[in-house]
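Down below is the structure, laid out as structure tokens.
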Amino acid sequence: MGPLQFRDVAIEFSLEEWHCLDTAQRNLYRNVMLENYSNLVFLGITVSKPDLITCLEQGRKPLTMKRNEMIAKPSVMCSHFAQDLWPEQSMKDSFQKVVLRRYEKCEHDNLQLKKGCISVDECKVHKEGYNELNQCLTTTPRKICQCDKYVKVLHQFPNSNGQKRGHTGKKPFKYIECGKAFKQFSTLTTHKKIHTGGKPYKCEECGKAFNHSCSLTRHKKIHTGEKPYKCEECGKAFKHSSTLTTHKRNHTGEKPYKCDKCGKAFMSSSTLSKHEIIHTEKKPYKCEECGKAFNRSSTLTTHKIIHTGEKPYKCEECDKAFKYSYTLTTHKRIHTEDKPYKCEECGKAFKYSSTLTTHKRIHTGEKPYKCEECGKAFKRSSDLTTHKIIHTGEKPYKCEECGKAFKYSSNLTTHKKIHTGERPYKCEECGKAFNQSSILTTHRRIHTGEKFYKCEECGKAFKCSSNLTTHKKIHTGERPYKCEECGKAFNQSSILTTHERIILERNSTNVKNVAKPSSGPHTLLHIR
């Protein structure tokens, strides 16, 4: 067995594995590597300090070093077993190592690097060994130096320019299927798994499989519930350091990622990437079940759950299950009173930043989402999506209990509670329960007397936005709800419903009167 060397106790990561490590794990790696090196020195084992150790001591990130800096001090071997030296690139685009295998016939031990060798001609001993080594490595570009009894070899791999591409911005590796380009071939290989469906990393807890090992690592925290990253501003904790970094921008308002196409700015690079697809018409991700196509693989994954009906995300508080993790996260806030997002205009606080953004439009009057069919504008994109169904008349959501169909899944969910009698939303003030959170929100205003929906025309204020919308029709004279029986029009659907009921009852009474037999002679005759 040969002398112990630093590489025997070193821990190595691939580029993909390194990116999966969070800050705490990278710090642990740094401490372990430095400790291992210190132990070798303490034991009196002669080793030259690797550049990796110098890098870690200076607090630099290993992956920011140039490739040639990452190679440990060139390994040295006796020429007797130099012919059995082969390169192996096990750490793609980050580290490279040379596997040195001891030749059985070699008698040299404790090899030391003798500096000062400039060329092969200076080496007087073991010329034969050098020639053998040179012959063995004809296929690999190399620089070979021989000094006395020892040979120094530095391998230069063909893809050593990978680091340079990071600075030039070039993306030479393109995937034909979707047209996406990458700087590194290894990243392209990883990306291909999205299209092929290859998911080699499986969770032992729930059986879910992933394309990348780092995705599996992140997923496991769902089962453990571990949240080591805490926000100093609001105390909220997160599973991943990157999520905490993005979250902090909610407090600062920072949006560093800007779209070159439309100028819109975002808090995270992932949100920008998702947004940029809006500007393209490409939809390379297709559902095999129904043929629907999507511009993001994540959207396809989310869509597939519609067909399976799977609800893997369960609330520990009330046992309610959800299809998506983000829906569970949103739901959990029902059980807490946490409202970290506050409106500077009126002081109202919200559980979600998106709700605050939408709320602000009440003050600004902004309605950025416009219907191409009728020109009507909305504050929320979801309201526009909901509105569009009015034009199509489609009702794809059907109740299995009574067969009633609905335009929106949310309406079906609300309707189902009629059959179950479920009323999960309870008023803390009076104890009254409701089957919809929105009704509870509206109900609470009875206790607070709050009326922040104000008519710009006459100044009248309302507790609900729907009441304000109805009221505005008085000023416009709009009467969109028309009775098919008599042609009379109304400004509220509820008034039309009441009107139709009156006509129905009147018609029923007339039918009864016509069908009723006349009294008189027949009755008298019967009496006689």
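Even glycines carry a Cβ here, placed using N, Cα and C.
If you take every residue in the domain 'KRAB' (4-75) and average the pLDDT, you get 66. What Swiss-Prot lists as domain 'KRAB' is 4-75, and the listing cites sequence analysis.
Taken from Swiss-Prot, the feature zinc finger applies to 173-195 (among others), supported by sequence analysis.
Distant neighbours of the zinc finger (201-223): 16-17, 19-20, 190, 193-194, 239-240, 312-313, 325; these residues of the same chain sit at least 6 beyond its ends, with a Cβ under 8 Å from one of its Cβ atoms. If you look up Swiss-Prot, you'll see 201-223 (among others) marked as zinc finger, on the strength of sequence analysis.
What Swiss-Prot records for 229-251 (among others) is zinc finger, and it gives sequence analysis as the kind of evidence. Distant neighbours of the zinc finger (229-251): 22-24, 218, 221-222, 267-268, 338, 340-341, 353; these residues of the same chain sit at least 6 beyond its ends, with a Cβ under 8 Å from one of its Cβ atoms.
Residues 246, 249-250, 295-296 of the same chain lie 6 or more positions beyond the ends of the zinc finger (257-279) yet place their CB under 8 Å from a CB of it. Taken from Swiss-Prot, the feature zinc finger applies to 257-279 (among others).
What Swiss-Prot records for 285-307 (among others) is zinc finger.
Here the zinc finger (313-335) is broken down by DSSP into helix, strand and coil counts: 8 helix, 4 strand, 11 coil. Taken from Swiss-Prot, the feature zinc finger covers 313-335 (among others), and the record attributes it to sequence analysis.
Per-class residue totals from DSSP over the zinc finger (341-363), listed helix then strand then coil: 11 helix, 4 strand, 8 coil. The zinc finger annotation in Swiss-Prot covers 341-363 (among others).
Taking Cβ pairs closer than 8 Å, the zinc finger (369-391) reaches residues 358, 361-362, 407-408 in its own chain, all 6 or more past its ends. Swiss-Prot lists 369-391 (among others) with the feature zinc finger, giving sequence analysis as the kind of evidence.
Marked as zinc finger by Swiss-Prot on the basis of sequence analysis: 397-419 (among others). Nonlocal intrachain contacts for the zinc finger (397-419), taken as residues 6+ away from its ends with a CB within less than 8 angstroms of a stretch CB, comprise 386, 389-390, 435-436.
Swiss-Prot lists 425-447 (among others) with the feature zinc finger.
Positions annotated as zinc finger by Swiss-Prot: 453-475 (among others). For the zinc finger (453-475), the number of residues in each DSSP class (helix H, G, I; strand E, B; coil) is 11 helix, 4 strand, 8 coil.
Annotated zinc finger per Swiss-Prot: 481-503 (among others), in sequence order, evidence recorded as sequence analysis.
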DSSP-assigned states of the zinc finger (257-279) in counts, ordered helix, strand, coil: 11 helix, 4 strand, 8 coil
